[in-house]
């Protein structure tokens with residue numbers, strides 16, 4: 001559909017044979033044999049490929065568009081993956097890489113040259129049973145018309161071409177879309193129209209709003225990137241949209257022209273595999289908005305470590321990943337790809353390659369601790385706003401001049417999520433201000449760092465390395481290859497916010513529908529969303545927040561003759577600190593881990609401060625959130641999980657039921673096994689009854705079926721604070737300094753699966769289907785008033801490293817209880833006490849390090865089942881029912897052997913509460929059994 005608004009165009013290069021690999025126009029077909037190469041340095045084809053060139057497709061308004069088709073040389077119908085852009089269907093990755101420093105680290109012989117620039121390589125996908133279709137979009141190459149960039153026209157063209165391809169005799173009717181940048185952005189526009197034959201999309205790095213994310217980010221026009229693309233990549237017989245002229249006509253985002261450049265992603269309901277990166281200067285937030293607004297549960301997000309072209313062409317795991325996705329949704333392969341983690345992310349490290357494929361629950365990461373750090377005098381960041389008012393200034397027209405504020409980390413720390421800056425600024429010289437907020441990483445010496453967006457190993461042969469980064473020529477330091485840090489940009493006159501359209505509380509949506517100029521000298525508050533970041537800091541490294549008046553990005557690759565520059569900053573800017581105008585940054589700390597790793601004296605001081613504020617009623621009502629309105633998550637990032645066996649009574653009860661006796665070894669050291677962190681779920685998440693191999697109750701033969709003996713185990717969990725390096729061990733006297741706190745822990749068990757697995761090794765499936773923990777951590781500081789003497793006295797068999805000097809304070813008096821909820825009725829099953837453990841928590845932590853096994857902040861140690869001496873103090877049904885042979889009779893007459901589907905177990909705990917003593921609660925650890933699936 002033609003635009004209701006006249007579109008200004010500018011000239012583009014006429015197609016010329018040889019330029020950007022353009023070939024003489026005309027339909028032809030050929031079979032490219034296995035081993036064929038397109039040019040020197042290209043990948044030989046691994047199989048025969050049937051190629052059809054300049055195939056005509058007529059769209060709804062009569063325009064003819066031309067496509068190239070690369071497919072298997074067979075008669076079997078195959079699905080098609082469409083790569084859509086105006087960059088020329090023969091312009092390939094090899095040609096672009098030759099223009100870039102170090103060839104972007106992609107070696108020769110990796111891609112075939114049949115790939116469209118920013119698109120998938122037929123040499124990778126045709127052997128797997130896909131066709132790759134490269135299009136010359138409207139106005140590109142020999143396709144009719146002028147080049148349109150996104151919007152309704154390009155979306156409708158995409159719709160029509162998809163449906164035409166689906167009807168071709170070689171196609172099975174299933175179409176996917178794939179590619180980077182333009183090839184990804186256009187997927188949002190096409191897919192929102194819901195073409196019937198479009199079954200899945202893979203927008204890998206996709207801007208989602210051309211006004212706010214590319215051309216007029218923060219209200220500041222910049223078409224440098226697109227001007228470069230026009231000069232080098234686009235050729236055709238017409239023209240291309242002139243964004244300079246269109247901005248001149250329509251400078252506000254509320255015009256129909258710019259609204260058409262922002263797709264409605266919520267209309268997309270087909271399977272979607274998104275990639276993003278923290279290093280892109282165009283695509284990051286569009287990709288993340290896509291993830292948040294898609295109307296499908298069949299969606300995946302991978303924040304990848306590398307520049308998008310390197311990731312698509314040179315990372316074989318990425319190519320295989322994409323083929324698996326399309327294999328599932330275009331071919332119906334039962335390849336298990338749907339079990340791929342929904343969200344994988346990356347932590348940039350700047351001086352070395354990133355940590356990547358970090359599996360998290362969701363984006364934004366739910367447990368993120370958003371901390372407000374105030375700008376301070378002496379260029380610092382701090383938790384408290386300065387009482388006195390200050391200001392600092394910088395030259396807004398001088399490149400890299402800025403006001404900077406720094407925080408140094410004392411422990412390894414990750415900042416991962418969406419930051420936000422709230423800055424108070426003024427300018428005595430002009431009625432507007434352009435503000436750029438940059439979040440930089442500094443090394444331990446305070447030197448600003450750059451992140452290489454490809455692996456260092458890919459350019460090592462060129463003599464490049466992290467310690468020689470200063471020797472890299474300026475011509476090679478561009479924003480494609482290097483990342484300075486995440487930025488937020490805002491023009492003061494465009495500071496208005498529409499929170500109803502904001503995707504996150506730290507990322508305000510600016511309507512850009514009016515100009516609100518500033519009186520010279522007036523102090524104005526700006527709320528600036530900063531593009532998402534994921535950075536890891538070592539102890540001694542720092543984060544610096546910089547406020548600039550012009551872009552601090554690396555310069556050189558784009559045109560800088562912006563005719564709208566006169567609208568920008570002039571003179572000196574003042575940044576205000578403290579008093580009534582306390583500027584600050586909100587940074588996304590990863591979890592409680594960073595706090596837990598702090599020195600115990602600091603944690604203790606924070607706890608005392610919070611207690612004082614709460615007691616005085618100084619906490620704002622906005623800090624109190626109704627429990628029913630929140631979803632609880634794991635309280636820390638759990639790196640490792642082990643589970644102990646430390647209850648003598650539990651062992652005495654269970655050993656005869658398993659046909660044995662308590663091992664003599666038990667009396668000399670705690671027993672422990674490694675668990676699965678992926679199985680740990682926060683209360684009140686349900687747990688599903690597992691399948692597994694059991695001994696058939698009648699034939700005694702191994703049988704695969706759902707477990708019939710689901711049990712609970714009453715335990716507590718110990719979260720580690722201060723880490724212990726591998727190769728070192730601790731003394732029991734210092735064990736407390738390595739404990740952050742305790743949670744309730746239910747180590748769900750499938751007893752029939754366990755009976756099979758224990759011969760010859762030990763439990764896996766019988767324990768790995770779920771371990772529930774309470775979401776509240778009770779710190780060890782809070783527990784110190786409740787220390788006590790251990791129930792068991794076995795000093796005669798303790799080794800020296802197991803003996804605690806003051807036995808009256810060697811463990812904790814924590815009362816425990818277990819409740820069953822069945823059909824809405826509650827039944828108290830057991831009570832117990834942490835004190836009943838034969839081996840205390842201090843002895844468990846000490847034992848963990850005995851042979852040099854390290855501990856990391858956030859590691860979780862399960863205490864093992866906590867059973868007492870009486871029938872009312874049994875920590876599992878296995879004991880209480882004699883492995884189900886003697887069911888318990890509940891108060892309502894029901895028999896309880898093992899747990900039924902729908903049963904819910906609730907663990908509770910408390911300290912104190914006796915006369916004159918305060919009571920300390922732990923909350924609840926709840927979990928319901930779901931039917932086997």
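Cβ atoms here come from the backbone N, Cα and C positions, even for glycine.
Just so you know, TrEMBL annotations are computer predictions that nobody has curated.
Remember, predicted model here, so these are calculated numbers, not experimental data.
Site annotation for Mg(2+) in TrEMBL covers 767, 771, and the matching candidate from 747, 793, 806 is 747. Of the listed candidates (643, 781, 813), TrEMBL assigns 643 to the same Ca(2+) site as 713, 715, 747. Cβ packing within 10 Å was compared across the recorded positions 650, 767, and the lowest neighbour count falls to 767. In the three-state DSSP scheme, residue 865 (substrate binding site) is classed as coil. Packing around residue 643 (Ca(2+) binding site) is summarised by its Cβ count: 24 other Cβ atoms lie within 10 angstroms of its Cβ, all protein chains included. Highlighted in sequence order, 714, 745, 746, 749, 771, 862, 863, 864, 865 have their Cβ within 8 Å of the centre of the Cβ atoms of 643, 713, 715, 747, the residues recorded for Ca(2+), and are not part of that set. Classification of residue 747 (Ca(2+) binding site) by DSSP places it in coil, neither helical nor stranded. The most densely surrounded of the binding-site residues 713, 715, 747 is 715 (count of other Cβ atoms within 10 A of its Cβ). Cα of residue 747 (Ca(2+) binding site) to Cα of residue 771 (Mg(2+) binding site): a distance of 5 Å. DSSP assigns residue 650 (active site, proton acceptor) to a helix in the three-state reduction.
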